[in-house]
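Asker: Residues or ranges marked as active site, proton acceptor by TrEMBL: GLU1214. Look at TrEMBL and you will find CYS45, CYS50, CYS53, CYS75 tagged as [2Fe-2S] cluster 1 binding site. Annotated [2Fe-2S] cluster 2 binding site per TrEMBL: CYS115, CYS118, CYS150, CYS152, in sequence order. What TrEMBL lists as Mo-molybdopterin binding site is GLN748, ARG891. Per TrEMBL, domain 'FAD-binding PCMH-type' is recorded for 212-394.
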Amino acid sequence: MEAKHIHFFLHDEEYTVNVADITPTTTLLQYLREFEHLKGTKYMCLEGGCGSCIVAVTAKHPITQRKITFAVNSCLVSIYSCEGWQIHTVDGIGNKQIGYHPVQKVLADFNGTQCGFCSPGMVMNMYALYKSNSDLTMKQVENSFGGNMCRCTGYRPILTAFKSLCKDADREVLGTYPDIEDLDKCDRRSCQKKCRSTKCTMKPISSKILRSSGLDIKWFKVYSINEIFDVLQENRDASYQLVAGNTARGVYPGSYMRSDVCIDITSVKNLLNDAVLSVGFTIGANKTLNDTIEVFRRTSKTEGFSYFTKLADHIELVAHVPVRNIGTVAGNLSIKHEHNEFPSDIFLILETVAAKLTIVNNKNKEEQLSLLNYLTYDMNRKIIKSVTLPKFDKSYKYQSYKIMPRAQNAHAIVNAGFLLKLDSNNVVQSARIVYGGINPSFVHAGKTEKYLIGKSVFENTTLQGALKALDEDILPDDVLPQPSPEFRKKLAISLFYKFILSIAPDSKLSPENKSGGLQLQRPLSKGVQDYQTNESLYPLTQPIPKLEALGQVSGEVEYISDMSSFDEIHAAFVTAKAPANSVITKVDPSKALEQNGVLAFFEAKDIPGLNTFIPSNANFPVTYFPRDMRVVPEELFCSGTVKYYFQPVGIIVAATQELADEAVDLVNITYSSGQHKPFLTIRQILTANATDRIIEEASISATHQGQDIKHILRGKYDTTWQYHYHMETQICYVVPKEDSLDIYPGTQWMDIIQTAVAGILNISENKINVQVKRVGGSYGAKITRNALISCAAALAAYKLQRPVKMRMSFSANMNVIGKRFPSATNYEVGLNDKCEIQYLNSSIYFDYGAGGNDVAVMQAMGTFYSSYKYDTWNVSGNNTRTDNHSGVWARAPGNNNMLAMIESIMEHIAAELNKPPLEIRLANIENKDLLRFIDELRQWSDYDNRLKTIEEFNKSNRWMKKGLSLIPMTYPFEYIQTLSSTVAICAGDGSVMVSHGGIEIGQGINTKVAQVCAFTLGIPLNLISVKASNNFTSANNFTTGTSLTSESVCYATLRACNVLLSRMKPIKEKMNNPTWEELVKECQNEYVDLTATHMFSPNDPPKKYNVYGVCATEVEVDILTGTYQVNRVDLLEDTGDSMNPYIDIGQVEGAFIMGLGFWKTETIIYDDEGQLLTNRTWNYKIPGALDIPVNFRVKFPRNNPNPNGVLHSKATAEPALCLSVSIPIAVRHAVTSARASANPTAPSWYPICGPSDVENTFINSLNDFKQYKL
């Protein structure tokens, strides 16, 4: 029977969807947003890697028929797969109309939102956990957010909030935020409160085959193996895809719904059965991964299957909870079958234990295959029915490993499985050694397996023989962006050594090597937030959540991607896929324009005005550019010579964003080769002595040189790019009006949008109306860069006279938009025996790429020298111009690099002189404020005692090492910008409206403005409403950035309020103690102007000041794998009198974790033509929930007002990121101990050269298998 409809429930309402209106390629995310206009569920990566699209599903389990609730990535699920589901979205579980769900409320109350773009996905992931398990533990919660990315908060408040809902919620773990008793916590077992219904009113799904056709794809839902083959027989000449979770799309996006026939097999019970057999255990191949985990844990209690616990542990490292909820065993194996290079963990563990696959063909004939034979077996018109695993007695020793760039939700760099059968004398009877991540054809270490047979494994001679055989066995390929072959080979060998250490009897192990057999164990995370408030000033200094928090956790707040109109169209960049200096000879969009729904193509020649998104009249502050520098007119579209790989050449305009994104690849561009090979790194420029690409931007000169020079050392330092990873990608929505353009850009700087759009369209600026309510994260990426997107969208809207929305895909965003500046320094330093610097000569370089408008060297230079006596220093600060996309402001732009440079120099000195690093620092610091904060941090963190304990630990352990660093910081701030605030009092009821020139990007600017306004006017906070920012009330304002915007706008608000109070004062003096409302009304009657504006500028009283900080970071490193965890961070930041400690704590934590990513996990890889290779969530990894410090302690010093700031406060959003350099330095302290054991003659210091990721840490630990012994 051919079905005409798909049936499911959305919240509590039954939906019947006509299949003529949708196709199998329509995802659940698209359906929710574009058909039902439920905007709470968000777009971002569209490959299941970010979590912003997560929704919850209630359905009947196909075997148990038990109703279950689980989370899914709606971007991966076809709407056709939703037959019979009940779907829950953030919009439906709670809102201001029906009340908020406890999960929503607790996240808001614990200040778990900032930009808010990730919050709906966080809520729905927790909602599914909350509904599915009434005995949820804090550990379960903490382990369940590997698929939810957040760049703003640093995860700690999110995890704290959700852990408060658990049965074992603990005050020590939850910190100092709201008491659990104060939360609207729901006890589902005894609750009398009426909640939104979640009862399953779903009708039984018909047992007949569902046939739906859309486009050229047929969709069948089947219920038996026979029905699968009936469909295949009926469509014998068609290509087909068996669909379960469809999660392969997140790994190989091109595999999504590309076949003629799709067969939904999720309800085929014969593919889901499991049973204990006499020969082993069989499990249905279409079991979801999470069901498989549950079955393995349950079965592990049965004799012969205790090793199932380890299988389950390994599967928990595959992807993340929403993917494992619907991704299946057979699905994962199918990816491996089609893509042998895929490092499948399921394949690895099953092949290691010699599992067998049962394959069924269309004649219902069954055949058993090994996993290895399966890889080359013709699976056309065949299915995997089940997997059979053997029983193992205690003579079998099994272990598997997965080494990842971060703790969760990452594919393996190398994975390994080991199975040995030993006799009573520990002689090897059989051996299976399996690896992934080596090369597409490598599975077993055959020579090593043969070598081990008949040998006593716990002998050093045997061990070395096996390691030598592995060295011969393992031949990694060299394919970017994979880590180097050298690293992967050494890592694979060390994993075998780790396995042997893990199973060896204690009597065979030396005590110092024993810890090498262990894996890092992460305790439940916790934190401390230590701050001071002043109740007499409330609501100022009051720790309250953001005003928008409830709207963010319920999906009620509107982002630009949520705005729409019935006739809107969409745009996407066509980019140059050629190295810099190539010359475009022809652009042919004809094939793209032939596509139904593609409306237009625009390129440089179609621009009415200037071909630049940074016009020369852009309103940069007069002190912004250093000497000899000026505005660089960066091209909107390439005019001929390619400036960088992926430079925009034009835009395609189409009916939908998906169509536009696909059509850009149909535009054919031909090139001729450039005359010069591109420069891609700072070091290439320096090696070539290309001085025309180097500009000195700032410098300091020594007033004298010390004469007591006893030690001289030289060194270098290098860092690379960092992607901002804002959850809302670059976006703009432009609506043509009768005489103007209404522009809604995702920008931090409204004024540049106005000037740039006017320039490219050749119209006056007063025709441009810019409005921004909020932006879904930015971190500097949307200061100048959003003008590129806004100009392109405006061009299309102007030309076609239709609303145009342009939302960049995640990969396009990474390809086109610039990132944090790479940096380099060369230095020479002379010292005396007291460790005092006698001279320092340093040349610093930042890469501005093809840009130069995001200036950083001059502004950030003070962070390099301000903590220390620098009168003997000569420092040259330069920018370089490589042939890459622009270097772009990123949180703490330049300051992060500058602090890391000087602190790495201090560490190098300490290592060379064999002195404690803190001794070197203290010998060169004179600033009494900084010294006071260092002393406070040392005491608060118990630094000195912990350092001694760690030294003893390292002496006793060869393969597990700890490190503890202490880093001071002086972060100079200077006001250079203008920012306005307008305050208007409503005469009818006394409520107050504020509109200011700052942009709410998650930093809580609106909340602080409201607090200052309420405090100054002396009225309740609930009378204040902060409106969207716009270029009329805040004309000619500078950007939101440098952490000073909140202060500046708060000051402008305070001044505007004072103007109003001065106007109202004469009226009030005539009245007898009036209420606020009475006073306002009388002022209106007396014709008092109840609106006032003030523009903050550097001429206002707040003056420049320093923010001081000190951070102690402790790490634990597994030397044999290069992995490490941050055990504890004690961070003290000088914040003055915080206007809102909740917000400021959140800013500090979030900044530090962004820095943690920069130093630990975020490795950017380009090829030798400049093409970015790490441009997906699959291969670019920001920190996840289990990468943050286990114990994250933040303190704001007490009784510490800032005499130069606004209301005695200081900026907080960026300085803490700089302190994250304490992580790679702590890693070096740990690795130093390993290096000394590996090679006593090797330098104890190794320079910072990009992230201290797994590879960097492993290689610099000087691992050599010849050192490996029992």
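From the backbone N, Cα and C atoms, a Cβ is placed for every residue, glycine too.
Note that TrEMBL annotation is computational and uncurated.
As the structure is a computational prediction, the values presented were derived from the model and not from experiment.
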Asker: What's the number of neighbouring CB atoms sitting within 10 A of the CB on CYS118 ([2Fe-2S] cluster 2 binding site)?
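Answerer: CYS118 ([2Fe-2S] cluster 2 binding site): 29 neighbouring Cβ atoms within 10 Å.
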Asker: Do any of CYS45, CYS75, GLN748, ARG891, GLU1214 (recorded positions) have a CA within 10 A of CYS118 ([2Fe-2S] cluster 2 binding site), and if so which?
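Answerer: Final answer: none.
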Asker: Compare the Cα of GLN748 (Mo-molybdopterin binding site) against each of the recorded positions CYS45, CYS53, CYS115, CYS152, GLU1214 and report the nearest.
Answerer: CYS115
Asker: Using a 10 Å radius around each Cβ and all protein chains in view, which of these binding-site residues has the most neighbours: CYS50, CYS75, CYS115, CYS150?
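Answerer: Output for this query is CYS150.
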Asker: So which of the binding-site residues is most packed in, judged by how many other Cβ atoms lie within 10 Å of its Cβ, out of CYS45, CYS53, CYS152?
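Answerer: Per the Cβ count, the most surrounded site is CYS152.
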Asker: Compare the C-alpha of GLU1214 (active site, proton acceptor) with the C-alpha of each of the binding-site residues CYS45, CYS53, CYS75, ARG891, and give the closest one.
Answerer: ARG891
Asker: Tell me, how many other CB atoms lie within 10 A of the CB of GLU1214 (active site, proton acceptor), whichever protein chain they belong to?
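Answerer: GLU1214 (active site, proton acceptor) is surrounded by 28 other Cβ atoms within 10 Å.
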Asker: Nearest of the binding-site residues to CYS50 ([2Fe-2S] cluster 1 binding site) by CA-CA distance, picking from CYS115, CYS150, CYS152, ARG891?
Answerer: CYS150
Asker: Based on Cα distances to CYS150 ([2Fe-2S] cluster 2 binding site), point out the closest of the binding-site residues CYS45, CYS75, ARG891.
Answerer: CYS45
Asker: Between the Cα atoms of CYS75 ([2Fe-2S] cluster 1 binding site) and ARG891 (Mo-molybdopterin binding site), find the distance and write it as a whole number of Å.
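Answerer: Cα-Cα distance, CYS75 ([2Fe-2S] cluster 1 binding site) to ARG891 (Mo-molybdopterin binding site): 29 Å.
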Asker: Among all protein chains shown, how many Cβ atoms are found within 10 Å of the Cβ of GLN748 (Mo-molybdopterin binding site), not counting that one?
Answerer: 26
Asker: Given CYS45 ([2Fe-2S] cluster 1 binding site) and ARG891 (Mo-molybdopterin binding site), what distance in Å do their CA atoms have, once rounded to a whole number?
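Answerer: It is 22 Å, counting Cα to Cα.
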Asker: Centre the Cβ atoms of CYS115, CYS118, CYS150, CYS152, go out 8 Å, and tell me which other residues of that chain have a Cβ in range of the [2Fe-2S] cluster 2 site.
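Answerer: Going along the sequence, the neighbours come out as THR113, GLN114, GLY116, PHE117, SER119, ARG151, THR153, MET727, GLY776, GLY777, GLY1002, GLY1150.
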Asker: Tell me, roughly as an integer, the mean pLDDT over the domain 'FAD-binding PCMH-type' (212-394).
Answerer: 93
Asker: What does the structure give for the C-alpha distance between CYS115 ([2Fe-2S] cluster 2 binding site) and ARG891 (Mo-molybdopterin binding site)? Integer Å is fine.
Answerer: 14
Asker: Same chain, not part of CYS45, CYS50, CYS53, CYS75: whose C-beta falls within 8 angstroms of the C-beta centre of the [2Fe-2S] cluster 1 site? Give them in sequence order.
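Answerer: Other same-chain residues with Cβ inside the cutoff are LEU29, LYS42, TYR43, MET44, LEU46, GLU47, GLY48, GLY49, GLY51, SER52, ASN73, GLY121, THR1177.
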Asker: By a simple count, how many Cβ atoms lie within 10 Å of the Cβ of ARG891 (Mo-molybdopterin binding site), its own Cβ left out?
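Answerer: Taking all protein chains shown, ARG891 (Mo-molybdopterin binding site) has 27 Cβ neighbours within 10 Å.
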Asker: To the nearest Å, how far is the Cα of CYS53 ([2Fe-2S] cluster 1 binding site) from the Cα of ARG891 (Mo-molybdopterin binding site)?
Answerer: 26
